[in-house]
């Protein structure tokens, strides 16, 4: 062993001599380095820096670990090595040794507080696989104040860095511990998922394997390792003895290695490339530093090459290490080669040296510019509003603006987390001692994605693009004064000193800027891995949860003492060519025009400065032109969901390619027909076939009529069939079969009986046409007129004086060519009437003269229900917007009618967008910019006001129409009702959003359309007060029944059309005494007819257009109304009398009593649904209630349900549908049960039920199903309030009204659901009245009100004047006649009154009075 020690000592001495010679030669030509303030040298005991160097050649054996027990088996070797290292340290006085740096740290106490572990930076695993020629020296401060970082977290951080960084010379002042915590567990799963992407790096050499950092935290593990180290030491010593015998060859190799190691040390000294070692307080961190240094300085070679390993001794206990403060490091080999300094041989020795020289030359400014001209680096610059995200797994890019909330999980940010964890760990770094240079290699051309060379195969590897985002840098000075951008973007250098005055920011966009200070103590990582929270001080709390994508913090002032995170965007002033990795080069705006963002549920809308945007406030300001969404914003903010994109792409690929990946080329479809194809007309049914069908229907009806009333009827009828039923027998009964004989007259075909002679008959009765055919012919003449020209879409010449000015050129009709011929005469007249009231004239050249005229204002279109008021209004709006495109029309209607308006716009192919504010669904015609902003939010995060504001904004910014219901308009724009009682006033908190919407809805509409304008007729209601305060005076009121209950309500409706006329109308009513029509007055008097009505008509004439519905009478088959007075059975009469007694006692709640009577008149069992008073219980006892409960499903216990069941059965035979109305829900539910029980029908198929609780879409679905002639629907049960207005139920030809209401307009509206344009059958209506109940007098009052309405609203249409008001009455009703004549059903009927509301029949209503 003494021999071994002598040989080692001699070889070491020779090695030192060679080192000194080389040092003197290289100090002659020093390399210029960045200016740095040298610390004062302080004497130090160099014995504390002694390192044990044990040469070994066995790769499989880990380096020995030095401990207190080391001197037992090998004391001589230890003493030899100690003397050698003491001599070595004496000779190293000329260079900046680690001990000097250690002493320097003592002089600078800030250094110790800022230092942290190398393992926190992740140097080991970040650079281990492919980093070559990195010489690292690590000075160690004695003490560190930052502690308590677990080995697991440090190890995880070291595994996160990119393994493909080549030729990195790193100068970092390393603290002893990191303040970064709780990061490893959140991002450990990313270790093996994706390969990091570093652009512009050329890797030429393989690197050693992974280095595992050992920890001394467990004493048992340390003891085992020390024991194994002792054993292996002797084995290595024996190998050394054998290697000595090899002679001078091995000596020469050792000399070369010594020279090379000395060169690397000198280079590190000259280039100021050092890495400070860890403090002894953290053994794991110390191991991490040593392994990182060795790994970065190692280079690859062949398997058969020999290696000389420099193994550093093990550290001791923590207390001893604190005293010694020596840079003791301990490494261990794991799976691959140990930490060594590799000997280079052959060609592999030249390239690393050349690279070192190249790095040294880059420190010169002039040479750097030349080098930069040779190597063109593509730098990606992006604005903060268009940030590029790259998936850490697949490399796919996306752009967008994420939110800054701490709970936000940003997609595609995993790679950012991997890189930024290390950067945030540097918040407490003291200073950068030297520069960091990255050799990025050369790139050819201008590829959108850089390529990395594979060190093994030499081939180029396509790596995903580095996300081109603005990443802040690390500044760790005491007083950060200035930040400058370097000239060369591809070779960033960072200069730092004890007091840094100038920091040059590197161009690498992947380094976040973190300003830290001495007192920065803790950086906490929240549970969500993508957004680290920073809790450093009270002032730094505002910085928490800031994202890395552009949110800026206040600038760092001089003398900053708190840790602040900033993400300011660094402008790039370099003249390098711009290239974004997604294919857009030299023009970053191209990318901006195709921004696509994932629709994340928690994303917030950010503006160009990456600040959160208040969508509602932005749209409100845009409406009032305080701010505006421009075209650029519209293009930038359009959103395309990632799922939608992937699905669309998958569908597109499926269409283009087959299973084998080949392109599918489909031939174009063959054209079977050429030219313009006309739509197929329905098959023409001959008269013979139609007559045959009619005969079969009559046969079926006769057969079914024999079955009604029970099964015994058919047997009785069969017995009575005999010779008495022959035609002769019928003639004897007076039932003749008449026909027209032109020579005789109207005579019987069988017996020759002449009922009327030919001379007494009118010529019109000779025709062969029936009444229906005659109406069809008249309608054809009226609609088509002269006109073949009308079929071609041109207006037929009209010689009428009244129409002369209309058809002339220069009128509003020219704005809608071809539409006039499609309108009915009353619609054409109404169209011009609206123009004259709102615009003053129909002549285009005179419109400007009436813009501010007092003659213009609102108008009322009082057309009969079903005569096409909606169609007329749509045509007017279409023409009005052509002349006044800045007009903002608003349509206010009941909620159930808004869908009808939308359907009408589609039906007539109107291109004007219609925005339904009462619906939260979008039509696709909204403003793309506003809709794009809203779609960035998840559906659950969108408020109703934001959705409504998008529609309002779309309505304001384009030529469109806004629709809203009365209830919603009252909610959004309503004013507080001060007249109501205190208990009715709701205290509502001030809502800024509602105030903004109210201001828009009250001030911006230029035209107001009120459908069913009789709805807001109460002067004390909130909706009436709100509508009367709308700024615009251009209003159109649509109502088929403007007169509802009294003249006061009529005056309120007229006042909405012309607010200026309200006082005049009120005074007229007071003078004429027409207020007597209020409820409770019995006598109307003749004064109203003679004086008051005429005065009121004179006031209304200029702005009220009336059409009584003559177009319906001339175009539709006909209408037959009948009041059916029924006799209730015994049980029902008993219950009705009990309630009637209470009613006669003048109970206070009259409406509650009327409700009971209406329910019991339908079925007596419904009394259980009502609240029975104590007096009523005297008559309606428990026994009666139990009996009623048993007969609940028996329709024969009520006269109305019995009539309805038999009636529906007969209508089913003749294939006619029945529409049943009631003002209450309970009767309709009971009738549905009766129908289902008797006919075995299914609810929703044969029986449809509509009530007020249904949504608008469900209502429209039921309507369409019932009107479909091919559907199974037989009966439609409807609530009077739910569907008595606006909707079309032309599928029904039989209408039954179960109860009587006070308002005559309600019944008229209900009847008009079936009797309207589009009806193809005669409509029969039945008003069911129970005898002996208050329903008779109520109906009389209703008839009187209807008569007054007829007198007030006289026909004002030119087309109606001179024509008969009432068309030919329909006298035949075979269904009702059959029921009345039936022997078992005749007892139900008490009386029938046909056409009861005619003027000559009003006085005859006394028959209905009890």
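Using N, Cα and C of the backbone, Cβ positions are placed for all residues, glycine too.
Keep in mind the model is a prediction, meaning the values are calculated, not measured.
The number of other Cβ atoms within 10 Å of the Cβ belonging to residue 867 (ATP binding site), over all protein chains shown, comes to 24. According to Swiss-Prot, the ATP binding site annotation covers 863, 864, 865, 866, 867, 868, 869, 870, on the basis of sequence analysis.
Among the features that Swiss-Prot reports, region 'Disordered' is placed at 1-74 (among others).
Among the features that Swiss-Prot reports, region 'Disordered' is placed at 87-108 (among others).
Taken from Swiss-Prot, the feature region 'Disordered' covers 209-330 (among others).
Marked as region 'Disordered' by Swiss-Prot: 344-376 (among others).
Per Swiss-Prot, the feature region 'Disordered' maps to 428-593 (among others).
Positions annotated as region 'Disordered' by Swiss-Prot: 632-654 (among others).
Here the motif 'DEAH box' (1011-1014) has long-range neighbours at 860, 869-870, 873, 891-894, 897, 901, 1037-1039, 1041-1042, 1044, 1049, 1053, 1056-1057, 1285-1286, 1305, meaning same-chain residues at least 6 beyond its ends whose C-beta is under 8 angstroms from one of its own. According to Swiss-Prot, the feature motif 'DEAH box' maps to 1011-1014, an assignment based on sequence analysis.
For 1132-1139, the entry in Swiss-Prot reads motif 'Nuclear localization signal 3'. In the predicted model, the motif 'Nuclear localization signal 3' (1132-1139) shows an average pLDDT of 87.
Taking Cβ pairs closer than 8 Å, the motif 'Nuclear localization signal 3' (1132-1139) reaches residues 1153, 1156-1157, 1160-1161, 1163-1164, 1167, 1176, 1179-1180, 1184, 1188, 1197-1199, 1330, 1332-1333 in its own chain, all 6 or more past its ends. Using DSSP to sort the residues of the motif 'DEAH box' (1011-1014) gives these counts of helix, strand and coil: 0 helix, 1 strand, 3 coil.
In the motif 'Nuclear localization signal 3' (1132-1139), helix, strand and coil residues by DSSP number 8 helix, 0 strand, 0 coil.
Around residue 863 (ATP binding site), the C-beta neighbours below 8 angstroms that are at least 6 residues distant in the chain are 826, 830, 869, 872, 1038, 1040, 1105, 1106, 1107, 1109. Classification of residue 865 (ATP binding site) by DSSP places it in coil, neither helical nor stranded. Cβ-based neighbour count (10 Å, all protein chains) for residue 866 (ATP binding site) stands at 23.
The secondary structure of residue 870 (ATP binding site), as reduced to three states from DSSP, is helical. Take the mean position of the Cβ atoms of 863, 864, 865, 866, 867, 868, 869, 870, the recorded ATP site; other residues of that chain with a Cβ within 8 Å of it are 1040, 1107, 1109, 1312, 1316, 1317. In sequence order, 900, 901, 904, 1011, 1038 constitute the residues six or more apart from residue 870 (ATP binding site) in its chain with CB-CB distances below 8 Å.
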